[in-house]
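Asker: First the structure, which I've put down as structure tokens, then a few questions once you've had a look.
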2 protein chains.
Amino acid sequence: MVVVKIGGNVLNNPATLYEALDYFSGLVEPAVLVHGGGRRADEVLRAMGMAPKMTNGRRITDQASLEVVTMVYAGTINKDIVAQLQSRGTNAIGLSGADGNAVLATKRPAGDIDYGYAGDVVAVNAPLLDALLRLGLRPVLCPITHDRHGQLLNTNADTIANEAAKALAGAGHRVRLDYCFELPGVLQDINDPESVIPHLNRDTYAEYRATGVISDGMIPKLDNAFRAIDGGVDSVVIGNIAALRSGRGTRIQSS
Amino acid sequence: MVVVKIGGNVLNNPATLYEALDYFSGLVEPAVLVHGGGRRADEVLRAMGMAPKMTNGRRITDQASLEVVTMVYAGTINKDIVAQLQSRGTNAIGLSGADGNAVLATKRPAGDIDYGYAGDVVAVNAPLLDALLRLGLRPVLCPITHDRHGQLLNTNADTIANEAAKALAGAGHRVRLDYCFELPGVLQDINDPESVIPHLNRDTYAEYRATGVISDGMIPKLDNAFRAIDGGVDSVVIGNIAALRSGRGTRIQSS
């Protein structure tokens, strides 16, 4: 079973999005797609005369922004992806976390920063995903969840992908998690796309971090990947579509 | 099995919407909800500096309007309804026509009027609805469909409800179709809410039309209802929530 996560940079460009959808459609294993937001929500906010509110690269989701991200993530982006997959013969079914109680979350408590209607994942509904996959459907999850009390919540797509992969692994499946982003993999030298690190485990990751080869933006992504591995996911592959398609990219496993 | 259609006037007011969702949640039969659009799409269009384009009360769906109706119908409205139903313990799953190929449509050919990205229903996927109902899920259909070539289309919700009811009847189910609108039923005297016509069949409908008791706006609604009956639907009930809840309203049957 494969969970594929596509991020904002892939979504923002129709060419890379369509490549990603071709890849997803071509997978022979039962597969789940998780997509992020991309820049369209900010464009719609601005078109409606509102300013996106961000802090440390994270959105502050007030009531008006929640409506816009719900419209754009669960409406425009999710339905465009599903329609495109249908045109490729893939029987996709788009889901927010509220649909079938697919992803239950809880509103993040306000600490030093109040993120507003931001949701932290409580549980991904593996029996639902399993049942839909058995019907021959491919779930497409958007980063909107709910709290089961009628409140929708804006939720990090990487976390949803991670929790979905772990939940499916917990249900007895052998799961691979594909993190599709703009680079061919985790690079030894950020300026050399040929310098992809083919394999990482806990030990080699610790070494690369100690020597400063892996730093900055890759660390949360890789910490996330190792959390998936610790949660029973068989492997995590990080790379762009060309890399994923050809079995390259960086493969993360427990050993 | 019951298909419940709720229209714009019900959606525009949170109080009547929540009443309708209470009614839907309380149904003991397997049930499908179909919702229309309401006024939010026009508000969002205007907020984005665009003017809604209508002719004879029907929307001209150009590219920009299509994005907005997709956002609002499949995003905001559908997900708010699903989250509200989840909070009532109803395991709802929101669907556009693209999701699971639930409703296949074809772009309306441009005649005297070019309606743009308006879809005419080709087929409702009864096996999908059946399979979801068997999983204990309640499908919630929004009025966005697709053409299986990647194009989303804006589609009349009454027609979707009708075609869904007929498709489920064709799959061997005994189906009731509830049309929930703002009046307690089909009235003999539009100024007297006590004058609900309790039953209609082809013969009595013809009489009421001949004498002018039923005219104008009710005719397309009732023609639609009789098309459902001709298509194998057991009964159609037209009324507001109070009427539907108490088994009143106007019941349309073949005899």
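A Cβ is built for glycine as well, from the same backbone N, Cα and C atoms used for every other residue.
Relevant sequence annotations retrieved from TrEMBL are reproduced here:
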BINDING   A:GLY37, A:GLY38, A:ARG59, A:ASN154  substrate binding site
DOMAIN    A:1-240  domain 'Aspartate/glutamate/uridylate kinase'
SITE      A:LYS5  site 'Transition state stabilizer'
SITE      A:LYS221  site 'Transition state stabilizer'
Asker: So what's the average pLDDT for the domain 'Aspartate/glutamate/uridylate kinase' (A:1-240)?
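Answerer: Within the domain 'Aspartate/glutamate/uridylate kinase' (A:1-240), the model's average pLDDT equals 96.
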Asker: Suppose we draw a 10 Å sphere around the Cβ of A:ASN154 (substrate binding site). How many other Cβ atoms does it contain, all chains included?
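Answerer: I get 26 for this one.
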Asker: Go through A:LYS5, A:ARG59, A:LYS221, the listed recorded positions, and name the one with the sparsest Cβ surroundings, counting other Cβ atoms within 10 Å.
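Answerer: So among A:LYS5, A:ARG59, A:LYS221, the recorded positions given, the one with the fewest Cβ atoms within 10 Å is A:LYS221.
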Asker: Given the substrate binding site residues A:GLY37, A:GLY38, A:ARG59, A:ASN154 in the record, what is the largest Cα to Cα distance, rounded to whole Å?
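Answerer: Farthest-apart Cα atoms in A:GLY37, A:GLY38, A:ARG59, A:ASN154 are separated by 13 Å.
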Asker: In angstrom units, rounded to an integer, how far apart are the Cα atoms of A:ARG59 (substrate binding site) and A:LYS221 (site 'Transition state stabilizer')?
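Answerer: If we compare the Cα positions of A:ARG59 (substrate binding site) and A:LYS221 (site 'Transition state stabilizer'), the gap is 18 Å.
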Asker: How many Å lie between the Cα of A:LYS221 (site 'Transition state stabilizer') and the Cα of A:ASN154 (substrate binding site)?
Answerer: 19
Asker: Could you check what DSSP calls A:LYS221 (site 'Transition state stabilizer') once collapsed to helix, strand or coil?
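Answerer: DSSP assigns A:LYS221 (site 'Transition state stabilizer') to helix.
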Asker: Within the same chain, and leaving aside A:GLY37, A:GLY38, A:ARG59, A:ASN154, name every residue whose CB is within 8 angstroms of the centroid of the CB atoms belonging to the recorded substrate site, in sequence order.
Answerer: A:GLY8, A:GLY36, A:ALA41, A:VAL69, A:VAL72, A:TYR73, A:PRO143
Asker: Check A:GLY38 (substrate binding site) against DSSP and tell me helix, strand or coil, would you?
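Answerer: The three-state answer is coil.
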Asker: To the nearest Å, how far is the Cα of A:LYS5 (site 'Transition state stabilizer') from the Cα of A:GLY37 (substrate binding site)?
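Answerer: About 11 Å separates the two Cα atoms.
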